[in-house]
There are 2 protein chains.
Amino acid sequence: MTPNTHKHQEPAKVHIALGERSYDVCIGQDLLSDPRAWEGLPGGTLGVIITNDTVRPLYASRLQALLATRHRKVLVISLPDGEAFKTLASFELVMDRLLAEGADRKTVLYALGGGVIGDLTGFAAACYMRGVPFVQIPTTLLSQVDSSVGGKTAVNHPRGKNMVGAFYQPARVFCDLDSLRTLPAREVSAGLAEVIKYGLITDAHFFHWLEENAVALVAGEVSALQHAVRRSCEIKAWVVGQDERESGLRAILNFGHTFGHAIEAGLGFGTWLHGEAVAAGMVMATDLSARLGMAPQDLLPRLRTLLRRVGLPDAAPALPGGEDEYLHHMAVDKKAEAGAIRYVLLQGLGQAVVKAVPDEQVRPTLRACLAAA
Amino acid sequence: MTPNTHKHQEPAKVHIALGERSYDVCIGQDLLSDPRAWEGLPGGTLGVIITNDTVRPLYASRLQALLATRHRKVLVISLPDGEAFKTLASFELVMDRLLAEGADRKTVLYALGGGVIGDLTGFAAACYMRGVPFVQIPTTLLSQVDSSVGGKTAVNHPRGKNMVGAFYQPARVFCDLDSLRTLPAREVSAGLAEVIKYGLITDAHFFHWLEENAVALVAGEVSALQHAVRRSCEIKAWVVGQDERESGLRAILNFGHTFGHAIEAGLGFGTWLHGEAVAAGMVMATDLSARLGMAPQDLLPRLRTLLRRVGLPDAAPALPGGEDEYLHHMAVDKKAEAGAIRYVLLQGLGQAVVKAVPDEQVRPTLRACLAAA
């Protein structure tokens with residue numbers, strides 16, 4: 001029962017090499033109580049934890065106590081939970097609080113929560129006095145494997161998601177695997193959609209590993225989760241490292257997202273979780289790849305099996321406007337540029353390419369995947 | 001009378017070397033009608049001119065016509081003139097308009113105006129969809145010699161100036177010397193304060209040149225203005241090139257600004273122009289440098305003479321709270337860090353250093369400079 005006797009998984013580290021903006025993603029259990037974890041991080045008089053009302057009661061006071069050894073004063077700013085609060089109004093509220101509390105250029109912000117908190121805190125850190133350091137402590141699987149690498153920060157605008165933001169890198173990321181214990185199973189599955197995506201687009205070996213470890217992952221086995229998070233971060237880091245400001249290769253990270261976005265927009269954002277929409281979107285993108293003769297025919301059934309095993313949808317929902325509604329949502333998505341919609345497709349397991357496909361060639365995929373639903 | 005026969009000063013160019021964020025500052029007359037000026041700049045379907053209600057009637061339609069050859073659609077967003085509108089509310093208004101007009105990642109923003117427009121537009125460009133290109137067309141002498149180099153963008157917050165912003169570089173800067181013709185004489189003088197600052201902190205030779213050309217500058221002689229703008233941009237570029245994110249050397253650019261800030265805050269922002277406050281601030285900083293035995297004794301009278309010749313104050317205004325009020329404002333200024341206030345001082349003409357000076361040693365300077373007023 002004593003915490004010290006509890007056997008922990010040794011922490012893993014992924015180094016994100018971005019020149020002077022390089023940083024480490026640390027993945028493990030009870031990471032923050034190890035003083036080594038904080039080595040080299042900025043101190044500063046004031047530390048500010050930005051979190052939400054769901055995560056706060058679970059972790060904020062423990063983090064606050066740990067940070068009290070690093071900062072003379074530690075504040076907590078808690079926002080209501082949910083995408084609806086990832087707004088310029090919340091951003092302004094954070095600016096107001098930081099200024100009211102006398103935060104200076106050495107103040108460190110700590111993002112404690114999922115993607116919404118990470119994106120908002122990162123944007124606040126990018127802009128407060130033109131940039132203060134921030135540390136990410138993602139508490140969901142999705143944010144651990146997605147937003148912890150890449151430096152994308154943003155808030156939403158009524159006219160579109162992530163329309164106002166910045167590229168800004170954290171000083172460090174702590175992926176605490178213990179925080180996944182309190183995460184609802186549905187959200188763990190949603191995070192696994194992005195994990196599976198990394199295998200599909202770049203690493204056939206990792207995809208095999210996921211097929212073999214699906215049960216362990218869903219059961220919350222720590223060593224399996226650690227490998228999944230680590231490998232995901234490594235892959236994302238490799239992609240982002242080649243294309244920090246998103247001009248080319250990075251687009252492959254949107255595999256499944258163009259179809260997925262149509263699902264989210266069509267059903268109304270929040271009806272399906274982002275990861276669920278991406279799962280169905282990957283089915284559609286894989287189907288399209290196979291129909292265009294690019295991906296092997298056996299890949300689609302393998303993907304569907306894997307998705308089902310980790311509790312994710314393996315087919316797309318019907319939208320009121322049918323195929324046309326899908327095409328409409330995809331055309332207005334920002335990934336679409338003049339003319340045919342561009343899709344991320346698979347040239348084989350572990351190899352993604354971006355390709356414009358005329359609507360007429362997409363319709364058979366829509367029909368097949370909707371019919372299967 | 002035909003524009004073509006009008007003899008123009010050959011344009012000058014200052015290259016700001018910042019790796020992949022490098023850009024050119026072009027300085028001359030009628031720059032924008034020369035197609036070569038635009039070479040290598042991004043096109044994009046949409047171009048958006050951001051300006052204010054004072055500058056708009058003077059230049060916006062001419063710029064709009066020129067841009068019509070580069071963009072399918074050219075919009076103008078005009079804000080009320082003045083520092084009071086350099087706010088998050090104006091920033092949000094720009095975001096709203098850009099989204100409403102369907103601006104995408106290739107949209108180019110054009111900042112047409114002084115420092116307020118430049119700072120606001122730069123911040124909007126930094127954040128819109130996480131960064132779109134922007135071009136600066138500074139129309140005041142101050143913005144041509146100050147904000148056209150350095151990549152500082154920001155808006156104000158009720159609790160402080162420039163509290164929310166980003167470091168973000170323009171794609172190009174066009175300093176049109178013709179736009180200075182419509183600038184009130186008082187604003188030309190205010191701009192010259194920063195020009196004189198560059199001589200004082202880094203370049204004795206340039207300071208001599210300014211002493212010799214003060215009359216020509218005030219008279220608006222184009223070749224003199226061009227040299228002053230060019231040399232100022234070169235010096236600022238040199239300083240910023242060594243310290244893009246403002247950790248050390250760049251602080252010398254604040255010469256005269258700590259005292260100047262106290263004047264602005266004490267009189268109420270806008271009572272004196274920023275350049276006027278900097279002029280008096282430079283007198284105080286030079287006086288302090290001489291008293292500490294760092295600067296030669298003859299520098300202060302030379303500086304005062306030069307300031308008077310270009311129509312700038314050479315002494316500081318009394319504040320209701322006297323010396324104490326000066327010290328109070330300087331202590332809360334963001335340049336102050338725990339303990340003694342840090343000042344940029346002159347070790348000689350053309351050489352600046354940053355040094356903490358105890359209040360007691362600053363009081364004689366305050367008494368002398370206020371008494372002289």
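Any Cβ shown, glycine's included, is placed from N, Cα and C.
Curation plays no part in TrEMBL annotations; they are all automatic predictions.
TrEMBL lists A:77-189 with the feature domain '3-dehydroquinate synthase N-terminal'. Per TrEMBL, the feature NAD(+) binding site maps to A:81-86, A:115-119, A:139-140, A:LYS152, A:LYS161. What TrEMBL lists as domain '3-dehydroquinate synthase C-terminal' is A:191-336. Per TrEMBL, Zn(2+) binding site is recorded for A:GLU194, A:HIS257, A:HIS274.
Break the domain '3-dehydroquinate synthase C-terminal' (A:191-336) down by DSSP state and the numbers are 105 helix, 0 strand, 41 coil. Looking only at Cα atoms, A:ILE117 (NAD(+) binding site) sits nearest to A:HIS274 among the binding-site residues A:GLU194, A:HIS257, A:HIS274. Under DSSP, the residues of the domain '3-dehydroquinate synthase N-terminal' (A:77-189) split into helix, strand and coil as follows: 45 helix, 34 strand, 34 coil. Of all the binding-site residues listed here (A:LYS161, A:HIS257, A:HIS274), the one with the fewest other CB atoms within 10 A of its own CB is A:LYS161. A:HIS274 (Zn(2+) binding site) and A:ASP81 (NAD(+) binding site) have their C-alpha atoms 16 Å apart, to the nearest angstrom. Apart from A:GLU194, A:HIS257, A:HIS274, the residues listed for Zn(2+), the same chain places the Cβ atoms of A:LEU142, A:ASP146, A:ALA193, A:LYS197, A:GLY256, A:GLY260, A:GLY275, A:ALA277, A:VAL278, A:GLY281 within 8 Å of the centroid of those Cβ atoms. A Cα-Cα distance of 12 Å separates A:GLU194 (Zn(2+) binding site) from A:THR140 (NAD(+) binding site). Cα separation, A:PHE85 (NAD(+) binding site) to A:HIS257 (Zn(2+) binding site), rounded: 22 Å. Same-chain residues at least 6 positions away in sequence with a Cβ under 8 Å from that of A:GLY115 (NAD(+) binding site) are, in sequence order, A:PRO138, A:THR140, A:LEU142, A:SER143, A:ASP146, A:SER147. Distance between Cα atoms for A:ASP81 (NAD(+) binding site) and A:HIS257 (Zn(2+) binding site): 24 Å, as a whole number. Within the same chain, residues at least six positions away from A:GLU83 (NAD(+) binding site) with a Cβ under 8 Å of its Cβ are A:VAL116, A:ASN156, A:PHE269, A:GLY270.
In sequence order, A:LYS86, A:SER147, A:LYS152, A:THR153, A:ALA154, A:VAL155, A:ASN162, A:GLY165 are the residues of the chain that are 6 or more apart from A:ASP119 (NAD(+) binding site) and have a CB within less than 8 Å of its CB. Between A:LYS161 (NAD(+) binding site) and A:HIS257 (Zn(2+) binding site), the C-alpha separation comes to 13 Å. Fewest other C-beta atoms within 10 angstroms, among the binding-site residues A:ASP81, A:GLU194, are seen around A:ASP81. Fewest other C-beta atoms within 10 angstroms, among the binding-site residues A:PHE85, A:ILE117, A:THR140, are seen around A:PHE85.
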